[in-house]
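Visitor: The structure follows.
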(Lines of atoms letter the chains of each structure in order from A and count residues from 1; the text may use other names and numbers.)
(Lines give C-alpha, C1' and ligand atoms only; values in the text may rest on other atoms or scores of the structure.)
Protein backbone atom coordinates (compact mmCIF):
# COMPACT_ATOMS: atom_id res chain seq x y z
CA UNK A 1 0.00 0.00 0.00
CA UNK A 2 2.81 2.32 1.02
CA UNK A 3 5.09 1.70 -1.96
CA UNK A 4 2.09 1.77 -4.27
CA UNK A 5 1.06 5.24 -3.12
CA UNK A 6 4.60 6.61 -3.22
CA UNK A 7 5.18 5.23 -6.71
CA UNK A 8 2.01 6.92 -7.91
CA UNK A 9 3.12 10.25 -6.46
CA UNK A 10 6.53 9.90 -8.12
CA UNK A 11 4.99 9.00 -11.48
CA UNK A 12 2.35 11.75 -11.56
CA UNK A 13 4.70 14.36 -10.10
CA UNK A 14 3.08 17.42 -11.60
CA UNK A 15 -0.39 16.61 -10.31
CA UNK A 16 0.77 16.07 -6.78
CA UNK A 17 3.15 19.03 -6.81
CA UNK A 18 0.20 21.22 -7.82
CA UNK A 19 -1.89 20.07 -4.88
CA UNK A 20 1.13 20.37 -2.65
CA UNK A 21 1.62 23.97 -3.74
CA UNK A 22 -2.00 24.90 -3.08
CA UNK A 23 -1.80 23.40 0.35
CA UNK A 24 1.56 25.05 1.01
CA UNK A 25 0.32 28.52 0.11
CA UNK A 26 -2.90 28.16 2.08
CA UNK A 27 -0.99 26.86 5.09
CA UNK A 28 1.69 29.56 4.87
CA UNK A 29 -0.99 32.24 4.62
CA UNK A 30 -2.84 30.80 7.62
CA UNK A 31 0.37 30.77 9.66
CA UNK A 32 1.41 34.27 8.64
CA UNK A 33 -2.00 35.76 9.41
CA UNK A 34 -1.93 33.96 12.71
CA UNK A 35 1.52 35.40 13.43
CA UNK A 36 0.29 38.85 12.51
CA UNK A 37 -2.79 38.54 14.71
CA UNK A 38 -0.58 37.48 17.60
CA UNK A 39 1.84 40.29 16.92
CA UNK A 40 -0.85 42.95 16.73
CA UNK A 41 -2.56 41.64 19.84
CA UNK A 42 0.71 41.73 21.71
CA UNK A 43 1.43 45.31 20.63
CA UNK A 44 -2.00 46.37 21.61
CA UNK A 45 -2.68 44.70 24.90
CA UNK A 46 0.45 43.01 26.19
CA UNK A 47 0.77 45.55 28.96
CA UNK A 48 -2.72 44.78 30.26
CA UNK A 49 -2.25 41.07 29.71
CA UNK A 50 1.01 40.93 31.63
CA UNK A 51 -0.27 43.18 34.36
CA UNK A 52 -0.53 41.63 37.75
CA UNK A 53 -4.17 42.63 37.98
CA UNK A 54 -7.52 40.98 38.58
CA UNK A 55 -9.87 43.90 38.02
CA UNK A 56 -10.01 47.61 37.36
CA UNK A 57 -12.23 50.13 39.07
CA UNK A 58 -13.38 52.42 36.31
CA UNK A 59 -15.83 55.31 36.08
CA UNK A 60 -19.35 54.13 35.23
CA UNK A 61 -19.66 56.02 31.97
CA UNK A 62 -16.18 55.19 30.67
CA UNK A 63 -17.22 52.24 28.44
CA UNK A 64 -14.70 49.97 30.14
CA UNK A 65 -11.90 52.17 28.85
CA UNK A 66 -9.18 53.26 31.25
CA UNK A 67 -8.39 56.42 29.29
CA UNK A 68 -11.94 57.67 29.64
CA UNK A 69 -12.17 57.09 33.36
CA UNK A 70 -11.12 59.67 35.97
CA UNK A 71 -11.03 59.83 39.74
CA UNK A 72 -9.67 62.89 41.50
CA UNK A 73 -6.58 62.23 43.56
CA UNK A 74 -8.19 63.65 46.65
CA UNK A 75 -11.00 61.11 46.34
CA UNK A 76 -8.61 58.26 45.84
CA UNK A 77 -6.58 59.29 48.85
CA UNK A 78 -9.69 58.83 50.97
CA UNK A 79 -9.28 55.10 50.55
CA UNK A 80 -7.34 53.68 53.44
CA UNK A 81 -3.82 52.74 52.50
CA UNK A 82 -4.30 49.22 51.22
CA UNK A 83 -1.57 47.49 49.24
CA UNK A 84 -4.05 45.17 47.54
CA UNK A 85 -5.33 48.00 45.43
CA UNK A 86 -3.28 50.63 43.63
CA UNK A 87 -4.05 53.69 41.55
CA UNK A 88 -3.08 53.85 37.89
CA UNK A 89 -2.59 56.89 35.71
CA UNK A 90 -2.65 56.42 31.96
CA UNK A 91 -2.12 58.85 29.15
CA UNK A 92 -0.88 58.64 25.59
CA UNK A 93 1.71 61.24 24.78
CA UNK A 94 4.28 62.32 22.24
CA UNK A 95 7.67 62.89 23.80
CA UNK A 96 10.40 64.84 22.09
CA UNK A 97 13.95 63.57 22.22
CA UNK A 98 16.18 66.29 23.63
CA UNK A 99 18.66 67.64 21.17
CA UNK A 100 16.55 66.69 18.16
CA UNK A 101 13.11 67.22 16.76
CA UNK A 102 12.29 63.55 16.74
CA UNK A 103 9.12 62.59 18.58
CA UNK A 104 8.23 59.25 20.02
CA UNK A 105 4.74 58.12 20.92
CA UNK A 106 4.42 56.40 24.25
CA UNK A 107 1.71 55.45 26.70
CA UNK A 108 2.51 56.85 30.11
CA UNK A 109 1.51 54.62 32.97
CA UNK A 110 1.84 56.13 36.40
CA UNK A 111 2.33 53.48 39.05
CA UNK A 112 3.67 53.10 42.52
CA UNK A 113 7.38 52.36 41.87
CA UNK A 114 7.46 49.65 44.53
CA UNK A 115 3.93 48.41 43.93
CA UNK A 116 2.64 45.35 42.12
CA UNK A 117 1.92 47.28 38.92
CA UNK A 118 5.59 48.09 38.35
CA UNK A 119 7.03 45.55 35.89
CA UNK A 120 10.41 43.96 36.18
CA UNK A 121 13.22 46.13 34.85
CA UNK A 122 15.31 44.15 32.39
CA UNK A 123 18.01 46.74 31.76
CA UNK A 124 19.13 49.76 33.76
CA UNK A 125 17.48 50.60 37.05
CA UNK A 126 13.99 51.22 38.30
CA UNK A 127 12.34 54.62 38.76
CA UNK A 128 12.80 56.50 42.00
CA UNK A 129 9.87 57.05 44.35
CA UNK A 130 10.76 60.73 44.52
CA UNK A 131 9.44 63.52 42.35
CA UNK A 132 12.34 63.27 39.94
CA UNK A 133 10.90 62.72 36.42
CA UNK A 134 12.34 59.36 35.47
CA UNK A 135 10.91 56.66 33.31
CA UNK A 136 11.32 52.97 32.60
CA UNK A 137 10.14 52.25 29.10
CA UNK A 138 9.50 49.21 26.95
CA UNK A 139 12.58 48.15 25.00
CA UNK A 140 10.81 48.52 21.63
CA UNK A 141 11.58 52.23 21.93
CA UNK A 142 15.21 51.37 21.19
CA UNK A 143 14.13 51.18 17.53
CA UNK A 144 13.65 54.95 17.75
CA UNK A 145 17.21 55.33 18.98
CA UNK A 146 16.40 55.94 22.62
CA UNK A 147 19.10 54.82 25.08
CA UNK A 148 19.44 54.77 28.84
CA UNK A 149 20.29 58.25 30.03
CA UNK A 150 18.46 59.98 27.19
CA UNK A 151 16.12 62.78 28.03
CA UNK A 152 12.58 62.94 26.73
CA UNK A 153 10.67 66.19 26.85
CA UNK A 154 6.93 66.55 27.36
CA UNK A 155 5.75 69.85 25.91
CA UNK A 156 2.46 70.57 27.71
CA UNK A 157 3.84 70.21 31.18
CA UNK A 158 7.37 71.18 30.16
CA UNK A 159 8.68 68.15 31.97
CA UNK A 160 11.94 66.47 31.00
CA UNK A 161 12.04 62.77 31.78
CA UNK A 162 15.25 60.77 32.02
CA UNK A 163 15.22 57.23 30.73
CA UNK A 164 16.65 55.11 33.54
CA UNK A 165 15.74 51.62 32.48
CA UNK A 166 14.05 49.31 30.03
CA UNK A 167 11.42 46.66 30.50
CA UNK A 168 9.96 44.21 28.01
CA UNK A 169 6.55 43.03 26.74
CA UNK A 170 4.89 46.25 27.87
CA UNK A 171 2.99 47.86 25.01
CA UNK A 172 -0.41 49.45 24.95
CA UNK A 173 -2.41 50.53 21.94
CA UNK A 174 0.59 49.91 19.63
CA UNK A 175 2.90 52.19 21.60
CA UNK A 176 5.60 51.36 24.12
CA UNK A 177 4.57 51.93 27.72
CA UNK A 178 6.64 54.32 29.81
CA UNK A 179 6.31 53.84 33.55
CA UNK A 180 6.61 56.89 35.79
CA UNK A 181 6.08 57.33 39.49
CA UNK A 182 2.79 58.61 40.87
CA UNK A 183 4.61 61.71 42.12
CA UNK A 184 5.99 62.67 38.72
CA UNK A 185 2.50 62.00 37.32
CA UNK A 186 0.97 64.55 39.65
CA UNK A 187 3.72 67.03 38.74
CA UNK A 188 3.23 66.43 35.07
CA UNK A 189 -0.50 67.01 35.22
CA UNK A 190 0.42 70.21 37.05
CA UNK A 191 -1.83 73.02 37.85
CA UNK A 192 -3.88 73.23 34.66
CA UNK A 193 -6.12 70.33 35.61
CA UNK A 194 -7.35 68.93 38.83
CA UNK A 195 -4.98 66.03 39.44
CA UNK A 196 -6.57 62.63 38.78
CA UNK A 197 -5.92 58.92 38.39
CA UNK A 198 -7.61 56.89 35.71
CA UNK A 199 -8.32 53.70 37.55
CA UNK A 200 -7.77 51.66 40.64
CA UNK A 201 -6.30 48.22 40.13
CA UNK A 202 -7.06 45.20 42.28
CA UNK A 203 -4.37 42.54 42.53
CA UNK A 204 -6.36 39.52 43.68
CA UNK A 205 -10.08 39.02 43.74
CA UNK A 206 -11.33 40.22 47.08
CA UNK A 207 -14.95 41.15 47.70
CA UNK A 208 -14.19 43.13 50.86
CA UNK A 209 -11.73 45.42 49.12
CA UNK A 210 -14.09 45.72 46.18
CA UNK A 211 -17.00 46.88 48.30
CA UNK A 212 -14.70 49.13 50.35
CA UNK A 213 -13.58 50.94 47.23
CA UNK A 214 -17.11 51.13 45.93
CA UNK A 215 -18.20 52.55 49.27
CA UNK A 216 -15.78 55.42 49.23
CA UNK A 217 -15.74 56.06 45.47
CA UNK A 218 -19.34 55.56 44.42
CA UNK A 219 -19.08 56.68 40.81
CA UNK A 220 -17.34 53.59 39.40
CA UNK A 221 -17.68 49.90 38.63
CA UNK A 222 -15.30 46.96 38.92
CA UNK A 223 -14.36 45.60 35.51
CA UNK A 224 -12.32 42.43 35.04
CA UNK A 225 -9.02 42.70 33.15
CA UNK A 226 -10.45 40.56 30.34
CA UNK A 227 -13.35 42.97 29.90
CA UNK A 228 -10.98 45.93 29.83
CA UNK A 229 -9.02 44.17 27.06
CA UNK A 230 -12.25 43.49 25.18
CA UNK A 231 -13.18 47.14 25.63
CA UNK A 232 -10.17 48.29 23.63
CA UNK A 233 -11.82 49.15 20.32
CA UNK A 234 -8.87 48.45 18.00
CA UNK A 235 -8.06 45.12 19.58
CA UNK A 236 -11.45 43.61 18.99
CA UNK A 237 -11.61 44.92 15.42
CA UNK A 238 -8.14 43.64 14.49
CA UNK A 239 -8.58 40.23 15.97
CA UNK A 240 -12.07 39.69 14.59
CA UNK A 241 -11.12 40.57 11.03
CA UNK A 242 -7.92 38.52 11.10
CA UNK A 243 -9.66 35.54 12.64
CA UNK A 244 -12.38 35.77 10.06
CA UNK A 245 -9.72 35.61 7.34
CA UNK A 246 -8.29 32.51 9.00
CA UNK A 247 -11.63 30.77 9.19
CA UNK A 248 -12.43 31.63 5.59
CA UNK A 249 -9.03 30.39 4.45
CA UNK A 250 -9.61 27.09 6.17
CA UNK A 251 -13.08 26.74 4.68
CA UNK A 252 -11.68 27.59 1.25
CA UNK A 253 -9.00 24.96 1.79
CA UNK A 254 -11.64 22.30 2.45
CA UNK A 255 -13.40 23.05 -0.81
CA UNK A 256 -10.37 23.55 -3.03
CA UNK A 257 -8.67 20.41 -1.78
CA UNK A 258 -11.94 18.49 -1.81
CA UNK A 259 -12.53 19.49 -5.44
CA UNK A 260 -8.98 18.63 -6.43
CA UNK A 261 -9.07 15.20 -4.83
CA UNK A 262 -12.52 14.61 -6.28
CA UNK A 263 -11.31 15.28 -9.81
CA UNK A 264 -8.31 13.08 -9.22
CA UNK A 265 -10.45 10.16 -8.07
CA UNK A 266 -12.85 10.64 -10.98
CA UNK A 267 -9.88 10.43 -13.34
CA UNK A 268 -8.84 7.17 -11.75
CA UNK A 269 -12.27 5.51 -11.77
CA UNK A 270 -11.31 3.16 -14.58
CA UNK A 271 -8.12 2.16 -12.84
CA UNK A 272 -10.02 1.53 -9.60
CA UNK A 273 -12.49 -0.64 -11.51
CA UNK A 274 -9.69 -2.79 -12.93
CA UNK A 275 -7.97 -3.09 -9.57
CA UNK A 276 -11.24 -4.11 -7.95
CA UNK A 277 -11.85 -6.67 -10.70
CA UNK A 278 -8.51 -8.32 -10.07
CA UNK A 279 -9.34 -8.51 -6.38
CA UNK A 280 -8.27 -5.25 -4.66
CA UNK A 281 -10.65 -4.30 -1.85
CA UNK A 282 -12.11 -0.90 -0.98
CA UNK A 283 -9.89 -0.71 2.10
CA UNK A 284 -6.75 -1.02 0.00
CA UNK A 285 -7.79 1.58 -2.56
CA UNK A 286 -8.99 4.08 0.06
CA UNK A 287 -5.89 3.41 2.12
CA UNK A 288 -3.60 4.21 -0.80
CA UNK A 289 -5.47 7.42 -1.59
CA UNK A 290 -5.51 8.61 2.01
CA UNK A 291 -1.82 7.79 2.43
CA UNK A 292 -1.01 9.95 -0.57
CA UNK A 293 -3.00 12.84 0.82
CA UNK A 294 -1.30 12.32 4.15
CA UNK A 295 2.18 12.53 2.58
CA UNK A 296 1.35 15.59 0.54
CA UNK A 297 -0.18 17.32 3.55
CA UNK A 298 2.70 16.53 5.89
CA UNK A 299 5.27 17.75 3.39
CA UNK A 300 3.42 20.93 2.35
CA UNK A 301 2.42 21.92 5.86
CA UNK A 302 5.90 21.30 7.25
CA UNK A 303 7.43 23.37 4.48
CA UNK A 304 4.88 26.09 5.25
CA UNK A 305 5.86 26.06 8.93
CA UNK A 306 9.50 26.38 7.91
CA UNK A 307 8.63 29.18 5.52
CA UNK A 308 6.75 31.06 8.25
CA UNK A 309 9.70 30.69 10.60
CA UNK A 310 11.93 32.09 7.87
CA UNK A 311 9.52 34.98 7.31
CA UNK A 312 9.74 35.79 10.98
CA UNK A 313 13.50 36.06 10.74
CA UNK A 314 13.43 38.13 7.56
CA UNK A 315 10.72 40.57 8.64
CA UNK A 316 11.91 43.79 10.26
CA UNK A 317 11.57 43.74 14.03
CA UNK A 318 9.17 46.67 13.89
CA UNK A 319 6.67 44.43 12.09
CA UNK A 320 4.28 42.97 14.61
CA UNK A 321 4.73 39.27 13.99
CA UNK A 322 4.90 36.58 16.62
CA UNK A 323 5.62 32.93 15.79
CA UNK A 324 3.65 31.10 18.44
CA UNK A 325 4.69 27.45 18.15
CA UNK A 326 1.69 26.03 19.93
CA UNK A 327 -0.81 28.01 17.86
CA UNK A 328 1.01 27.26 14.61
CA UNK A 329 0.99 23.55 15.42
CA UNK A 330 -2.70 23.75 16.25
CA UNK A 331 -3.44 25.35 12.89
CA UNK A 332 -1.15 22.82 11.19
CA UNK A 333 -3.22 20.08 12.81
CA UNK A 334 -6.47 21.70 11.69
CA UNK A 335 -5.19 21.97 8.11
CA UNK A 336 -4.07 18.36 8.23
CA UNK A 337 -7.55 17.29 9.32
CA UNK A 338 -9.10 19.55 6.69
CA UNK A 339 -7.13 18.03 3.84
CA UNK A 340 -7.81 14.50 5.05
CA UNK A 341 -11.50 15.40 5.23
CA UNK A 342 -11.39 16.79 1.70
CA UNK A 343 -9.90 13.52 0.52
CA UNK A 344 -12.34 11.46 2.53
CA UNK A 345 -15.23 13.08 0.63
CA UNK A 346 -13.95 11.65 -2.63
CA UNK A 347 -13.48 8.14 -1.25
CA UNK A 348 -17.25 7.74 -1.60
CA UNK A 349 -16.53 7.50 -5.32
CA UNK A 350 -14.01 4.75 -4.77
CA UNK A 351 -16.60 2.69 -2.92
CA UNK A 352 -19.12 3.32 -5.69
CA UNK A 353 -16.84 2.01 -8.45
CA UNK A 354 -18.23 -1.25 -9.79
CA UNK A 355 -15.57 -3.80 -10.74
CA UNK A 356 -17.94 -4.86 -13.53
CA UNK A 357 -16.93 -1.83 -15.55
CA UNK A 358 -13.59 -3.49 -16.23
CA UNK A 359 -15.37 -6.06 -18.37
CA UNK A 360 -16.12 -4.71 -21.83
CA UNK A 361 -19.64 -3.61 -21.08
CA UNK A 362 -22.58 -4.83 -19.08
CA UNK A 363 -25.28 -6.32 -21.28
CA UNK B 1 -7.85 -30.90 -6.23
CA UNK B 2 -10.52 -31.67 -8.76
CA UNK B 3 -9.84 -31.29 -12.46
CA UNK B 4 -12.81 -28.96 -12.78
CA UNK B 5 -12.08 -25.68 -10.97
CA UNK B 6 -15.09 -23.87 -12.38
CA UNK B 7 -18.60 -25.17 -12.70
CA UNK B 8 -21.78 -23.25 -13.48
CA UNK B 9 -25.09 -25.01 -12.82
CA UNK B 10 -28.44 -23.79 -14.03
CA UNK B 11 -27.48 -20.14 -13.97
CA UNK B 12 -30.22 -17.57 -14.45
CA UNK B 13 -29.68 -13.82 -14.65
CA UNK B 14 -32.42 -11.31 -15.31
CA UNK B 15 -32.17 -7.60 -15.99
CA UNK B 16 -34.83 -5.00 -15.56
CA UNK B 17 -35.66 -3.44 -18.90
CA UNK B 18 -38.28 -0.80 -18.32
CA UNK B 19 -41.27 -2.61 -16.83
CA UNK B 20 -40.27 -6.02 -18.13
CA UNK B 21 -37.77 -8.46 -16.75
CA UNK B 22 -35.52 -9.85 -19.42
CA UNK B 23 -33.67 -13.10 -19.03
CA UNK B 24 -30.15 -12.47 -20.23
CA UNK B 25 -29.05 -15.92 -19.21
CA UNK B 26 -31.39 -18.83 -18.54
CA UNK B 27 -30.52 -22.28 -17.23
CA UNK B 28 -26.93 -22.08 -18.35
CA UNK B 29 -24.58 -24.85 -17.32
CA UNK B 30 -20.89 -24.96 -18.04
CA UNK B 31 -17.67 -26.60 -16.91
CA UNK B 32 -14.05 -25.62 -17.39
CA UNK B 33 -11.36 -28.29 -17.13
CA UNK B 34 -7.75 -27.75 -16.25
CA UNK B 35 -5.31 -27.58 -19.11
CA UNK B 36 -8.01 -26.56 -21.53
CA UNK B 37 -8.68 -23.36 -23.45
CA UNK B 38 -12.36 -22.74 -24.07
CA UNK B 39 -13.72 -20.03 -26.36
CA UNK B 40 -17.12 -18.43 -26.03
CA UNK B 41 -18.35 -16.62 -29.12
CA UNK B 42 -21.58 -14.97 -30.02
CA UNK B 43 -23.10 -11.74 -31.31
CA UNK B 44 -23.00 -8.68 -29.08
CA UNK B 45 -25.94 -8.55 -26.73
CA UNK B 46 -26.07 -12.29 -26.49
CA UNK B 47 -24.96 -12.30 -22.86
CA UNK B 48 -21.27 -13.18 -23.27
CA UNK B 49 -20.09 -10.43 -20.94
CA UNK B 50 -22.71 -11.35 -18.35
CA UNK B 51 -21.58 -14.95 -18.54
CA UNK B 52 -17.98 -13.86 -18.03
CA UNK B 53 -18.95 -11.59 -15.14
CA UNK B 54 -20.74 -14.40 -13.34
CA UNK B 55 -17.98 -16.91 -14.01
CA UNK B 56 -15.48 -14.31 -12.85
CA UNK B 57 -17.24 -13.64 -9.52
CA UNK B 58 -17.93 -10.05 -10.56
CA UNK B 59 -21.67 -10.56 -10.59
CA UNK B 60 -23.97 -12.81 -8.57
CA UNK B 61 -26.51 -14.87 -10.53
CA UNK B 62 -30.23 -14.70 -9.72
CA UNK B 63 -30.44 -18.47 -9.65
CA UNK B 64 -28.18 -21.52 -9.88
CA UNK B 65 -24.79 -22.37 -8.47
CA UNK B 66 -21.32 -21.07 -9.27
CA UNK B 67 -18.77 -23.54 -7.97
CA UNK B 68 -15.19 -22.34 -7.78
CA UNK B 69 -12.75 -24.94 -6.47
CA UNK B 70 -15.58 -26.82 -4.80
CA UNK B 71 -17.24 -23.85 -3.07
CA UNK B 72 -20.51 -22.31 -4.21
CA UNK B 73 -19.86 -18.59 -4.47
CA UNK B 74 -23.28 -17.61 -5.87
CA UNK B 75 -24.37 -15.95 -2.63
CA UNK B 76 -20.99 -14.52 -1.58
CA UNK B 77 -20.74 -10.88 -0.50
CA UNK B 78 -18.77 -8.41 -2.64
CA UNK B 79 -15.82 -8.63 -0.28
CA UNK B 80 -15.74 -12.42 -0.36
CA UNK B 81 -16.02 -12.37 -4.13
CA UNK B 82 -13.11 -9.93 -4.31
CA UNK B 83 -11.06 -12.50 -2.46
CA UNK B 84 -12.13 -15.27 -4.83
CA UNK B 85 -11.13 -13.05 -7.77
CA UNK B 86 -7.81 -12.30 -6.19
CA UNK B 87 -6.79 -15.88 -5.43
CA UNK B 88 -8.69 -18.20 -7.75
CA UNK B 89 -9.16 -16.19 -10.94
CA UNK B 90 -6.78 -14.41 -13.27
CA UNK B 91 -8.30 -11.72 -15.50
CA UNK B 92 -7.16 -10.45 -18.86
CA UNK B 93 -9.14 -7.49 -20.18
CA UNK B 94 -9.82 -6.01 -23.62
CA UNK B 95 -7.17 -3.36 -23.37
CA UNK B 96 -4.47 -4.51 -21.04
CA UNK B 97 -5.60 -2.15 -18.27
CA UNK B 98 -2.28 -2.04 -16.52
CA UNK B 99 -1.66 0.39 -13.69
CA UNK B 100 -0.03 3.36 -15.45
CA UNK B 101 2.46 4.30 -12.75
CA UNK B 102 3.90 0.85 -12.10
CA UNK B 103 6.83 -0.70 -13.93
CA UNK B 104 6.23 -4.08 -15.51
CA UNK B 105 7.76 -6.01 -12.60
CA UNK B 106 5.76 -3.92 -10.11
CA UNK B 107 2.51 -4.81 -11.89
CA UNK B 108 3.13 -8.41 -10.88
CA UNK B 109 4.40 -7.41 -7.46
CA UNK B 110 1.19 -5.51 -6.74
CA UNK B 111 -1.17 -8.44 -7.33
CA UNK B 112 1.10 -10.67 -5.30
CA UNK B 113 1.07 -8.18 -2.44
CA UNK B 114 -2.70 -7.91 -2.56
CA UNK B 115 -2.91 -11.66 -1.99
CA UNK B 116 0.09 -12.50 0.19
CA UNK B 117 3.60 -11.21 0.59
CA UNK B 118 6.31 -10.27 -1.81
CA UNK B 119 9.45 -12.26 -1.15
CA UNK B 120 12.41 -13.83 -2.88
CA UNK B 121 10.26 -16.71 -4.12
CA UNK B 122 7.63 -14.39 -5.53
CA UNK B 123 10.33 -12.38 -7.20
CA UNK B 124 11.65 -15.47 -8.98
CA UNK B 125 8.13 -16.45 -9.99
CA UNK B 126 7.57 -13.02 -11.49
CA UNK B 127 10.84 -13.25 -13.36
CA UNK B 128 9.94 -16.67 -14.77
CA UNK B 129 6.50 -15.46 -15.78
CA UNK B 130 7.92 -12.48 -17.61
CA UNK B 131 10.43 -14.74 -19.28
CA UNK B 132 7.70 -17.09 -20.44
CA UNK B 133 5.79 -14.21 -22.04
CA UNK B 134 9.04 -12.98 -23.54
CA UNK B 135 9.31 -9.69 -21.67
CA UNK B 136 12.23 -10.17 -19.27
CA UNK B 137 14.06 -7.31 -21.03
CA UNK B 138 11.09 -4.97 -20.41
CA UNK B 139 10.89 -5.47 -16.64
CA UNK B 140 11.79 -1.90 -15.80
CA UNK B 141 9.57 -0.19 -18.34
CA UNK B 142 6.33 1.63 -17.72
CA UNK B 143 3.16 0.57 -19.59
CA UNK B 144 3.24 3.69 -21.78
CA UNK B 145 6.64 2.62 -23.08
CA UNK B 146 5.30 -0.73 -24.30
CA UNK B 147 3.47 -1.69 -27.49
CA UNK B 148 -0.11 -2.96 -27.36
CA UNK B 149 1.02 -6.56 -27.75
CA UNK B 150 3.61 -6.21 -25.04
CA UNK B 151 1.06 -4.70 -22.68
CA UNK B 152 -1.26 -7.62 -23.27
CA UNK B 153 1.63 -9.97 -22.50
CA UNK B 154 2.18 -8.21 -19.19
CA UNK B 155 -1.55 -8.60 -18.51
CA UNK B 156 -1.23 -12.33 -19.15
CA UNK B 157 1.72 -12.58 -16.79
CA UNK B 158 -0.25 -10.60 -14.20
CA UNK B 159 -3.23 -12.94 -14.53
CA UNK B 160 -1.00 -15.95 -13.78
CA UNK B 161 0.86 -14.29 -10.93
CA UNK B 162 -1.27 -15.49 -8.05
CA UNK B 163 -1.33 -18.99 -9.49
CA UNK B 164 -5.11 -19.10 -9.98
CA UNK B 165 -6.82 -22.19 -11.34
CA UNK B 166 -9.04 -20.20 -13.67
CA UNK B 167 -8.00 -17.69 -16.31
CA UNK B 168 -10.70 -15.47 -17.83
CA UNK B 169 -10.00 -13.37 -20.88
CA UNK B 170 -12.43 -10.73 -22.12
CA UNK B 171 -11.76 -10.05 -25.80
CA UNK B 172 -8.01 -10.01 -25.21
CA UNK B 173 -7.28 -9.37 -28.87
CA UNK B 174 -9.74 -6.54 -29.43
CA UNK B 175 -7.06 -3.86 -29.63
CA UNK B 176 -4.48 -5.86 -31.57
CA UNK B 177 -3.89 -6.55 -35.25
CA UNK B 178 -4.28 -10.02 -36.76
CA UNK B 179 -0.69 -11.18 -36.39
CA UNK B 180 -0.41 -10.00 -32.79
CA UNK B 181 -3.82 -11.49 -31.94
CA UNK B 182 -2.64 -14.92 -32.96
CA UNK B 183 0.57 -14.56 -30.97
CA UNK B 184 -1.28 -13.53 -27.86
CA UNK B 185 -3.85 -16.32 -28.00
CA UNK B 186 -1.15 -18.85 -28.78
CA UNK B 187 0.76 -17.65 -25.76
CA UNK B 188 -2.36 -17.83 -23.63
CA UNK B 189 -3.13 -21.36 -24.83
CA UNK B 190 0.43 -22.53 -24.20
CA UNK B 191 0.58 -20.99 -20.76
CA UNK B 192 -2.78 -22.48 -19.78
CA UNK B 193 -1.63 -25.94 -20.87
CA UNK B 194 1.84 -25.60 -19.40
CA UNK B 195 0.59 -24.49 -16.04
CA UNK B 196 -2.52 -26.68 -16.12
CA UNK B 197 -5.10 -23.90 -15.85
CA UNK B 198 -8.68 -23.74 -16.98
CA UNK B 199 -8.78 -20.83 -19.42
CA UNK B 200 -11.90 -19.24 -20.87
CA UNK B 201 -11.73 -16.67 -23.59
CA UNK B 202 -14.68 -14.60 -24.70
CA UNK B 203 -14.11 -13.27 -28.18
CA UNK B 204 -15.39 -12.00 -31.49
CA UNK B 205 -12.18 -12.80 -33.22
CA UNK B 206 -12.48 -15.87 -35.47
CA UNK B 207 -8.71 -15.96 -35.92
CA UNK B 208 -8.14 -17.09 -32.35
CA UNK B 209 -10.45 -20.11 -32.52
CA UNK B 210 -7.92 -22.63 -33.91
CA UNK B 211 -6.04 -22.50 -30.61
CA UNK B 212 -9.07 -23.44 -28.52
CA UNK B 213 -10.03 -26.91 -27.34
CA UNK B 214 -13.75 -26.28 -27.25
CA UNK B 215 -15.83 -23.52 -28.76
CA UNK B 216 -19.17 -22.51 -27.35
CA UNK B 217 -21.72 -20.29 -28.98
CA UNK B 218 -23.74 -18.00 -26.82
CA UNK B 219 -27.26 -18.03 -28.11
CA UNK B 220 -30.39 -16.70 -26.52
CA UNK B 221 -29.07 -16.99 -22.98
CA UNK B 222 -27.67 -20.49 -23.38
CA UNK B 223 -24.27 -21.91 -24.25
CA UNK B 224 -24.26 -24.30 -27.18
CA UNK B 225 -21.23 -26.45 -27.87
CA UNK B 226 -20.23 -25.65 -31.43
CA UNK B 227 -17.05 -27.51 -31.92
CA UNK B 228 -14.75 -29.75 -29.98
CA UNK B 229 -11.18 -30.34 -31.06
CA UNK B 230 -9.60 -33.54 -30.01
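Just so it is clear, glycine is given a Cβ too, placed from its N, Cα and C backbone atoms.
Annotations in TrEMBL come from automatic prediction, not curation.
Model, not experiment: these values are computed from the prediction.
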Visitor: Tell me which range among A:16-37, A:38-59 TrEMBL lists as transmembrane segment.
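Guide: Going through A:16-37, A:38-59 one by one, TrEMBL gives transmembrane segment for A:16-37.
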Visitor: Could you check which of A:220-241, A:242-263 is flagged in TrEMBL as transmembrane segment?
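Guide: Here TrEMBL associates transmembrane segment with the stretch A:242-263.
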Visitor: For the domain 'ABC3 transporter permease C-terminal' (A:244-355), what is the mean per-residue pLDDT, to the nearest integer?
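Guide: When the pLDDT values over the domain 'ABC3 transporter permease C-terminal' (A:244-355) are averaged, the result is 91.
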